[in-house]
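**Q** Starting off with a structure, shown below.
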C-alpha cells in the first residue's frame, strides 16, 4: 500500500511541482466520501485506514489541530494541501538530520549515531527494528520516498519524537526522590518545553503524593514503631492514626512532601546538567554509565539542599496531634531543642541509598526496554502506554527494594529523638540493633504499604502529567 501511495500521491521530484496539486486533489477526493468538498475527522479516519496509510498515535486529531486553520472542524482542499506541503518540509528537515553522510538514505548506523547525540543509546539491532517499520523494499535502508510515505499523515516528524517513547521518565511519581533526572533534547531546551515538562511533572507529583499520602504516613509509622514487640499491621496502623488524630491526620506531613518537589526538581535538573558537562567532552554523547554517575551526583546535591524538609516531613508524620502547629513550628522546635545538626540526621544512609536505587532503577529499565525491543517490536518501536508505565513502575520498585533498608534506618535516625527512652544511635548502631532484635525482616518494616501505593501513584501521576502537558502546550489537545 505504501508503494501505491508513493506512485499515486507523491510523484517523483522531476514532475512534483507541476503535478502535486492534482495528486493531492485526487487523494482529497478519495477521502471526501460524501463529496461535499470538505473532510471531517470521521472521513479522515475511515479513508486513511481504508487506504492502509500508517498513522501515529492520535494522528487524526493532531492533523486537524494543525491543518484546520479556520477551526470549523473540517478540512477543505486548500487547508488539506497546505498541511501536506508544510508537513513535507518538516519531514525533509528530519530526514536530512538523520542522513549523516548525505547519500540520500538512512541506515541503522545513522539512527544509532543520531540517538547517541540525544543521550540515548541503542544497539544496531534495535535501530534495524526502527528501519523495518519504515522500509518498503527490504534494503534495510530508508530513502526519502519511503520516509515521506511513512510519515505523510503521521505528525511525528522529528527523530526526537520517534525515540521519545523510550525516555526513562513518563511523568511517574511514586513518592521517591532518588530517580535520575529526565534527559531533555537540545530542541526541548531551546523551545522552553523542558520547564513545561518539569512543571507538569511537579504538579502530577503533588497530586499523586497527596492521593497516596495515607499510605506514605503509614509506611513511616511502621518504620519507626514497627517491631516484634509492637507488630503494627496495615489495618491496625490506619485505625491507630484515625483514633489518635482523626481522618485529617492521615495526611500529616504531606504538605512538606509536596512543597519540596519544586526546589528539589530545580536543583536536581541544574546539577545534572553541570555534572554531565564535567563528565563528557563538548558534543560527546553521554553514555549509560556517565548518565548514572551524573544522575546520582545530582540526586545527592538536591538531597543535600532539601534534606531538612525530609527531616521535618518525618517529624510531622510521626508527631502526635498538637505537637506541631505546622512546618514552621516544627522547624523552630527542632532548632531550639536539638540544634542545627538535627536537620541532617540520617543524611549518610540517605546518600548511600541513592547509588543502589538509581543504579538498579536505570539498569532494570534498560533491560526491560532492550527485551521488549528485541522480542516484541515487530511493526513499531512505540511500546504503548501500558508497557512504558509497567517498565517504569517495575524498575522503580526494584530500586526501592534494594535501597529500602537504608531508607528505614534514615527514617529511624530522623525520628529517634522523639521516642522516649530511645538511645541516639548512628547508622551502624541502628543496623546492628535492628538485626539483633528483629532480624533481617526488621529492615523491611513498612515495605508493604510502600508497594501498595505504587500502582495508584503511577496511574494518578501519569493521567495528571499527560493532562498538564496539554494544558501547558507541551502536547496538542
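Using N, Cα and C of the backbone, Cβ positions are placed for all residues, glycine too.
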**Q** From 90, 243, 277, 336, pick the one Swiss-Prot annotates as N6-acetyllysine?
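**A** In Swiss-Prot, 336 carries the N6-acetyllysine label; others show none in the record.
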**Q** Using Swiss-Prot as the reference, determine which range in 389-406, 407-424, 425-442 is annotated transmembrane segment.
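**A** When 389-406, 407-424, 425-442 are checked in Swiss-Prot, transmembrane segment belongs to 389-406.
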**Q** Check whether Swiss-Prot assigns residue 291 and residue 368 to the same side of the membrane.
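**A** Checking Swiss-Prot: the two residues are co-localised relative to the membrane.
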**Q** I'm validating the feature mapping. Which of 253-272, 313-332 is tagged transmembrane segment in Swiss-Prot?
**A** 253-272
**Q** Which one of these stretches, 180-197, 198-215, shows up in Swiss-Prot as transmembrane segment?
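**A** The listed stretch tagged transmembrane segment in Swiss-Prot is 198-215.
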**Q** Transmembrane segment per Swiss-Prot: which of the ranges 346-365, 366-385 is that?
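**A** Transmembrane segment, as annotated by Swiss-Prot, spans 346-365.
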**Q** By the count of other Cβ atoms within 10 Å, pick out the sparsest of the binding-site residues 43, 68, 72, 99.
**A** 72
**Q** Which has the fewest other CB atoms in a 10 Å radius around its CB: 36, 79, 110, the listed binding-site residues?
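**A** Among the binding-site residues 36, 79, 110, the sparsest Cβ neighbourhood within 10 Å belongs to 36.
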**Q** Want to know which binding-site residues, from 68, 74, 101, 103, 105, 110, are within 10 Å of residue 38 (Ca(2+) 1 binding site) at Cα; which are they?
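**A** Of 68, 74, 101, 103, 105, 110, within range: 74.
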**Q** For Ca(2+) 2, what surrounds 68, 70, 72, 74, 79 with a Cβ no more than 8 Å from their Cβ centroid?
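**A** After dropping the recorded site residues, what remains is 38, 67, 69, 71, 73, 75, 76.
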**Q** Write out how many residues of the repeat 'Solcar 2' (286-371) are helix, how many strand and how many coil, based on DSSP.
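**A** Helix (H, G, I), strand (E, B), coil: 73 helix, 0 strand, 13 coil.
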**Q** Select the closest residue to residue 34 (Ca(2+) 1 binding site) from the following recorded positions, measuring between CA atoms: 70, 101, 103, 110, 320.
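**A** Closest recorded candidate to residue 34 (Ca(2+) 1 binding site) by Cα: 70.
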